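Dumping the structure here so I can ask a few things about it.
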Ligand code: S3P
């Protein structure tokens, strides 16, 4: 393509992103509260909610979803699927109805797909579109526009999709889907459910077998749900690696889906209850898929009292009610092998570690540097500002805990920086509950991407 045309596209892409970054920051000081008690429910699982909308839109007929997370990230997925032909409505009861168009029949979106802060929407939808005969421009906020997309561009290009990206393989980018796309065998080079899912979703509309090899297992919601919708998908363990195969040109059958509570959202309340004296809190209906639940094991190893009550199955996923009681925590060395099964929970684990007795060491966490923010650096800086003792290494943090003594907290005019990252905001809110002066968070607006009711629930549990 001639340079002048490339520059023109780039100018257009940049114009779109300038329009899309918005919202004034909303600071708040989180302070010590009474014990957390009673029973609460956290909103639906974010990963499962995204996939319900995407697969519902690719099925033929009506999919009905209860418990869908109504956070900004998931709503961005809903808008995107609507722009490609799916009819998606929310009924007064809170149930979502999705009339899908069928695999292979997505329509050309006539505006840019605005992904806000959501890496999951972006990477999974890039997979969906990569094998359809349509093109799309993806835009996002400042945080998403810094995140690496090369990890999905590489396999999707092998399947025939074409990309035009901003420098460094980032958003805004334009994707031209390939139809017919070519089936591939792809060994995922980083532990990433988003990369795995992007290739499997692209495989849905690709003739033949698309094979993904996963050396390290990551969350398996895509595999479970693709099977639930009737796709021919097999998983085998070969020489310690997971080999996932999907047969393309699938016809998906509409489903009725109940989304369990999000363990990554529950995590903030689990740690808050462990740290707050007198707490005895039940968090109902929490998804406990083993590829998501490692935080609970780590916290128990530190001495946390967390019981699983009423274990059951909800929508093909294991679920339980968690009873969490205030506990004295002790620092540990966290096994890096558990990282993929608690990848989003490290920020709040760092808060637990800052209040534990002794030292907690973590390693093998390079992936945390490319989340909504660089979570190692953001948490090291924020916890230090709140008075914790933290050492930052290339791939982890070492935290010398206070032994249960409240942290000093942040000075009156000193706010911790969230970098447009919901999990930094909520983790530092929990740190605020366990500190003398409280913690001033510079911007609580990002919390709405995954947990819009966070502050209301915190007030309810502490009342
Ligand atoms: C997700 C996968 C994880 C996780 C993200 C949601 C998913 O990302 O951090 O919040 O729904 O597939 P990576 O695939 O980048 O590890």
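Glycine is no exception: its Cβ is also placed from the backbone N, Cα and C atoms.
I grabbed these lines from TrEMBL:
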DOMAIN    33-455  domain 'Enolpyruvate transferase'
BINDING   46, 47, 51, 192, 194, 344, 371  3-phosphoshikimate binding site
BINDING   46, 119, 147, 194, 375, 423  phosphoenolpyruvate binding site
ACT_SITE  344  active site, proton acceptor
Let me know how many other Cβ atoms fall within 10 Å of the Cβ of residue 423 (phosphoenolpyruvate binding site).
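There are 28 of them.
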Rounded to a whole angstrom, what is the C-alpha distance between residue 375 (phosphoenolpyruvate binding site) and residue 344 (3-phosphoshikimate binding site)?
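One finds 10 Å between the Cα atoms of these residues.
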Where the criterion is a Cβ under 6 Å from an atom of ligand 1, which of the binding-site residues 47, 51, 194, 375 meet it?
47, 194
Out of 46, 51, 147, 375, which of the binding-site residues is least crowded by other Cβ atoms within 10 Å?
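If we count Cβ atoms within 10 Å for the binding-site residues 46, 51, 147, 375, the smallest count is at 147.
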Return the member of 46, 47, 51, 344, 371 nearest to residue 119 (phosphoenolpyruvate binding site) in space, with distance defined Cα to Cα and candidates limited to these binding-site residues.
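Nearest listed residue in space: 371.
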Looking only at the domain 'Enolpyruvate transferase' (33-455), what is the mean pLDDT?
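Taking every residue in the domain 'Enolpyruvate transferase' (33-455) and averaging pLDDT yields 98.
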Give me the CA-CA distance between residue 46 (3-phosphoshikimate binding site) and residue 423 (phosphoenolpyruvate binding site), in Å, as a whole number.
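About 13 Å separate the Cα atoms of these two residues.
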Please state whether DSSP places residue 119 (phosphoenolpyruvate binding site) in a helix, a strand or coil.
helix
If you compare CA-to-CA distances from residue 423 (phosphoenolpyruvate binding site) to each of the binding-site residues 47, 51, 192, 344, which comes out shortest?
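Nearest in space to residue 423 (phosphoenolpyruvate binding site), counting only the binding-site residues, is 344.
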Between residue 371 (3-phosphoshikimate binding site) and residue 147 (phosphoenolpyruvate binding site), how many Å separate their Cα atoms?
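The Cα atom of residue 371 (3-phosphoshikimate binding site) is 7 Å away from the Cα atom of residue 147 (phosphoenolpyruvate binding site).
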Between the Cα atoms of residue 194 (3-phosphoshikimate binding site) and residue 147 (phosphoenolpyruvate binding site), find the distance and write it as a whole number of Å.
13
Taking every protein chain shown into account, which of the binding-site residues 47, 192, 194 has the largest tally of Cβ atoms within 10 Å of its Cβ?
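The most densely surrounded of these binding-site residues is 47.
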